[in-house]
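Here the structure is laid out as structure tokens; the discussion comes afterwards.
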Amino acid sequence: MIKRTLMLFLLLCSPLLTPAAANALFEQPGQNPYLPVDQAFMFDFQQKGDKLTLDWQIKPGYYLYHKQLHIEPQQATLGKITLPQGTAHRDEFFGETEVYFQQLIVNVPVTKANNNSNIVVTYQGCAAAGYCYPPETRLVPLSAVIPSKTTDAISAEPVHKTPESASNDQQHLPFSPLWAILIGIGIAFTPCVLPMYPLISSIILGSQRPKSLKQIFWLALSYVQGMAVTYTLLGLIVAAAGLQFQAALQHPYVLIGLSVLFILLALSMFGLYSLQLPSAVQTRLVNWSNQQKNGSLFGVFAMGALAGLICSPCTTAPLSAILLYIAQSGNTVAGGLTLYLYALGMGLPLIAVTLFGHKLLPRSGPWMQYVKEAFGFIILALPVFLLERVIGDAWGIRLWSLLAVSFLGWGFVLTIRSQNGWVRVIQLILLILMLIATRPLQDWFWGTTVTQQSQHSLNFRQINNWQELEQIMTQNSHKTVMLDFYADWCTACKEFEKYTFSDPQVQSQLGDTLLLQANVTNNSPQQKQLLEKLSVRGLPTILFFDSQGKEIPDSRVNGFMDATRFNEHLQHLPK
């Protein structure tokens with residue numbers, strides 16, 4: 001009778017014994033409610049001949065980041081990879097991003113592979129409730145693929161960006177190609193360029209001046225287009241070269257080297273030294289230009305094309321800076337378009353002078369040198385943009401602040417002798433802007449930056465690996481320990497800093513607690529080991545240990561908690 005009753009009881013309870021139900025039934029309150037990364041993003045792949053399909057099945061309430069998807073071939077060559085369109089996702093800290101829900105399928109054409117070939121796939125995602133996983137890496141073995149004669153193989157190097165994502169990254173570069181036309185117009189008013197325009201216009205027209213404005217316009221436009229074609233070809237060549245070395249150009253040492261070059265180019269704009277082609281090369285180019293027939297469309301076009309290669313001291317630095325910028329972007333379309341618009345901007349004043357005479361030109365004076373120096377500050381913005389990727393956002397803000405203060409101070413000094421009323425108003429505006437721009441520098445000097453306030457308001461002690469944690473635990477004899485896992489890519493971690501750790505009640509509750517923080521942004525082997533040792537699946541995760549170094553049961557925090565909930569959680573911890 002007892003045996004039958006027991007069997008009936010087990011039969012009735014069997015629906016509860018599925019894995020999910022069993023976990024829910026026996027799960028402790030402090031356990032992680034979020035799925036393991038392999039269950040949240042179920043990854044699979046299949047290769048049929050030269051076509052490889054990568055498939056992610058994404059659980060409801062979870063999403064993958066478009067920008068965090070990277071594909072690296074190893075001993076293989078891949079064709080063009082096209083990512084599907086994602087869904088726009090607004091984030092308080094990272095702004096507008098593109099994510100994938102439910103499913104992501106990526107088709108990877110394999111143009112060449114052997115039996116030892118692989119591709120390394122890296123991806124990262126989050127839970128919508130406020131929980132992010134570290135970057136995941138999967139090794140996908142490839143079957144041998146013999147390259148076809150008609151196959152257009154584009155890369156045997158690591159592919160970190162798809163063509164679409166590379167073009168999207170153009171939005172994050174310091175300026176769009178349309179800004180190049182304004183830069184070109186500005187360069188036209190520097191002391192090395194503007195005084196030459198009347199002479200160039202007379203050379204374009206030749207000894208027999210055309211009678212109609214239409215003829216004059218087409219001659220001037222031919223000269224400008226010749227110059228623009230030369231610059232466009234330079235842009236395409238440099239961008240194509242940059243695309244081949246795109247991964248190397250993202251290396252911190254390369255970014256630092258490019259930044260130094262930009263700074264040297266900018267210093268030449270301030271008159272410290274002059275940059276130009278060797279005189280022998282310039283002489284040869286000038287002789288070739290003089291051999292062209294002026295007054296004819298083809299001859300004028302050829303003169304413009306050669307003039308594009310003859311760089312004056314005022315144009316060498318900006319042109320070199322733009323070329324380096326294009327090489328770093330690796331975007332061939334934007335590269336050619338940027339240089340074309342730059343040349344067109346330089347040519348617009350020349351067209352006006354050729355049509356209507358040099359009376360349209362403003363008088364020469366010191367202001368032309370000021371224009372040249374202003375472009376020096378513009379070039380200095382490029383190394384700041386590049387160095388941000390190496391030194392981080394906090395130092396990046398300080399560099400932008402320093403550059404802004406320098407530029408505004410330069411403008412104030414230039415106008416300080418003027419007695420004009422409007423100039424006085426401009427000086428007042430410049431002073432106000434300088435005070436605003438100095439704020440990040442003031443915060444840094446006094447040690448009160450926003451980042452420091454948010455990250456160190458609780459006086460966290462930073463740890464980097466498992467050995468450091470063990471050593472601290474051994475030395476700790478009487479305090480409760482809180483270990484916070486943080487990463488720059490973790491949105492909810494930043495929410496903890498901004499909304500929870502800054503709360504006075506939370507700070508009071510943790511007053512007698514030893515506060516540790518592990519920054520796992522880089523996902524290094526040591527950081528991975530620390531995560532694995534403590535069974536941390538994702539971030540944010542906060543652990544509490546007693547004075548003996550043992551984790552307090554049911555105390556682990558997974559995901560974001562506001563100040564009220566976190567304060568209640570702290571109150572339930574054993575004292």
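Glycine is no exception: its Cβ is also placed from the backbone N, Cα and C atoms.
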Member of CYS314, CYS493 annotated by Swiss-Prot as disulfide partner of CYS490: CYS493
Helix, strand and coil totals (DSSP H, G, I; E, B; other) for the domain 'Thioredoxin' (444-575): 54 helix, 26 strand, 52 coil
Leading contact stretch, 180-200, 253-273, 336-356, 367-387, 394-414 vs the transmembrane segment (216-236) - CB distance under 8 Å: 336-356
CYS126 (disulfide bond) to CYS490 (disulfide bond) - Cα separation in whole Å: 9
Alpha-carbon spacing, CYS493 (disulfide bond) to CYS132 (disulfide bond), which is rounded to whole Å: 9
Tertiary contacts of the transmembrane segment (367-387), as residues 6+ beyond its ends and Cβ separation under 8 Å: 173-174, 183, 186-187, 189-192, 194, 255-256, 258-260, 262-263, 265-271, 314, 317-318, 321, 324-325, 328, 395-396, 399-400, 403, 406-407, 410, 414
